[in-house]
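Quick look at what TrEMBL annotates:
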TRANSMEM  B:12-35  transmembrane segment
TRANSMEM  B:42-63  transmembrane segment
TRANSMEM  B:69-87  transmembrane segment
TRANSMEM  B:99-122  transmembrane segment
TRANSMEM  B:142-162  transmembrane segment
TRANSMEM  B:183-210  transmembrane segment
TRANSMEM  B:216-237  transmembrane segment
TRANSMEM  B:267-285  transmembrane segment
Amino acid sequence: MLEVEDLHAYYGDSHVVQGVSLTVGSRECVALLGRNGAGKSTTLKAIVGLVPSRKGKVVFGDRRIERLPTYRVARTGIAYVPEDRGIFPSVTVDEHLGIAVKASRGRRSRKTADYVYGLFPRLAERRSSLGGQLSGGEQQMLAIGRALLCGPDLLILDEPSEGLAPVIVDHLADVLELIRDEGTPILLVEQNYQLALRLAQRAYVLSQGCVQFAGTMSALDSDEAMRRTYLSI
Amino acid sequence: MQVFLTQVLNGLQLSMLVYLLAAGLTLIFGLMNILNLAHGAFFTLGAYCGVAVASATGSFWLALLLGPLLPLVLGAVLQSMLLQPLAERGRSTHLDLALLTFGLLFATAGAVEWLFGSAFLAVPTPPALAGHVSLLGISYPVYRLFIIGVGLSVAAGLTFVFDRTLLGATLRAGVDDRAMVTALGVNINALFAAVFGLGAALAGLAGVIAAPLTSVYSQMGITIVVETFVVVVVGGLGNLRGSFYASLIVGMTNAMSQAYLPEVEMFAIYALLIGVMIVRPQGMFRNVERVA
């Protein structure tokens with residue numbers, strides 16, 4: 001589905017992603033783990049084209065996408081939820097979902113706002129509220145809901161649990177499990193190891209922009225030295 | 001009292017003219033982060049297109065319809081063929097673009113002078129809008145009321161689109177977080193060119209409707225772009241609603257100082273600008289809902 005090969009990207013002058021290779025198969029949830037500053041977020045941004053990649057290959061389906069502008073990457077079917085959630089402060093909940101539905105026109109999935117309100121009943125109560133008036137949890141639900149309405153063939157999530165109360169993280173995990181089991185591939189960056197353990201089948205561990213571990217989640221879980229060195233767990 | 005009422009209406013008329021320019025300028029700044037000093041050039045071009053169409057066909061209404069077309073096309077082309085490629089090559093600091101668009105403003109003045117000569121041209125007031133009406137005890141030109149009507153209609157239309165439609169939501173989203181809009185699959189460059197073109201068309205429309213009132217001359221866009229910038233800064237950069245209120249304040253300040261304090265008329269709006277910059281540099285009408 002997604003194949004990244006020897007990807008290099010810079011953040012300003014610093015060489016943040018130094019030759020990352022990874023794959024996400026169809027119906028698979030893959031976690032990208034590592035400490036702060038390991039290059040996880042920049043890897044995701046380079047895949048969706050928000051940060052230019054200087055070298056390397058990104059193949060999605062059978063298309064090369066590493067040189068495409070971000071909106072064309074999105075139209076190949078990659079939905080991206082950034083670390084800051086990317087909620088628009090002066091746009092209502094309804095309108096967020098409307099923009100996504102319109103942007104997905106012509107793609108195969110034809111879900112509507114009601115699908116998202118079914119997954120997150122809390123959002124239905126706040127459908128006329130502006131993005132800036134939502135709590136952190138509501139913003140994250142909206143960000144994920146909006147991404148789902150883009151009709152994604154791949155969902156890329158950057159730390160969905162960051163800054164949220166455990167009960168909300170639990171709710172999000174249920175929804176993400178459901179999405180995964182329905183067959184949408186997920187590439188997940190997460191600091192919350194337990195959440196990654198629950199959702200992901202495979203994992204990559206990054207340190208200083210390089211892949212230090214690639215394998216199944218259970219292999220990582222039993223490799224205590226690896227976890228202690230690169231994840232401090 | 002009669003002088004006061006006349007000045008209120010004059011102020012309103014001036015406000016609406018400036019608003020037609022400010023609406024486009026504030027959206028262009030809010031979305032694209034471009035200080036477009038060439039905006040005044042579209043006002044000039046609209047006026048001269050109006051003169052050309054009106055003198056060729058004798059119809060003001062045709063001029064009103066066709067005058068904004070050239071600014072519309074040139075605006076979209078300027079954004080997509082010149083400003084956007086510059087931004088993509090990293091040449092898009094405020095200074096770069098201010099110098100470039102400032103140059104275009106003067107180049108336009110030179111070009112129309114070369115084509116039309118430096119004489120002051122006039123467009124006759126259309127017969128349907130000629131004459132005066134009695135209004136609350138004063139006699140007021142119908143044509144000025146027409147300008148007020150056009151301005152209010154455009155303001156109502158833009159506000160509706162911006163606040164209530166999906167296109168408006170996409171524009172607000174673009175002002176909030178440009179990168180995220182592209183990540184949803186929206187071709188933001190096409191949206192930018194459309195907004196730029198629409199803003200230029202509104203400036204051109206202002207030029208056509210100003211033509212029967214003031215004379216048409218090559219520097220007309222340079223004068224009004226200064227007032228427009230005062231409005232955009234007072235209203236808050238990128239704030240459409242704020243620009244409407246700021247247009248009223250600037251228009252009224254101008255009209256009232258003209259009538260009652262003629263010695264300060266020249267700098268009354270600049271005093272206002274400086275006051276706003278000191279007290280509320282983000283503009284008087286920052287969107288309250290965004291603070292949340």
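Note that Cβ sites are derived from N, Cα and C of the backbone, with glycine treated the same way.
All TrEMBL annotations are machine predictions without curation.
Just so it is clear, the model here is predicted, and its values are computed rather than measured.
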Closest-packing stretch to the transmembrane segment (B:183-210), where packing means Cβ pairs under 8 Å, from B:42-63, B:69-87, B:99-122, B:267-285: B:69-87
Tertiary contacts of the transmembrane segment (B:216-237), as residues 6+ beyond its ends and Cβ separation under 8 Å: 17-19, 21-22, 25-26, 29-30, 37, 39-45, 47-48, 50-51, 105-106, 108-110, 112-113, 116, 118-123, 206-207, 210, 243-247, 249-250, 254, 269-270, 272-273, 276-277, 282-287
In contact by Cβ distance (the transmembrane segment (B:42-63), the transmembrane segment (B:142-162); 3 or more pairs under 8 Å): no
Outside the transmembrane segment (B:99-122), six or more residues from its ends: residues with CB under 8 Å to it: 34-41, 44-45, 48, 51, 78, 82-83, 86, 211-212, 215-219, 221-222, 225
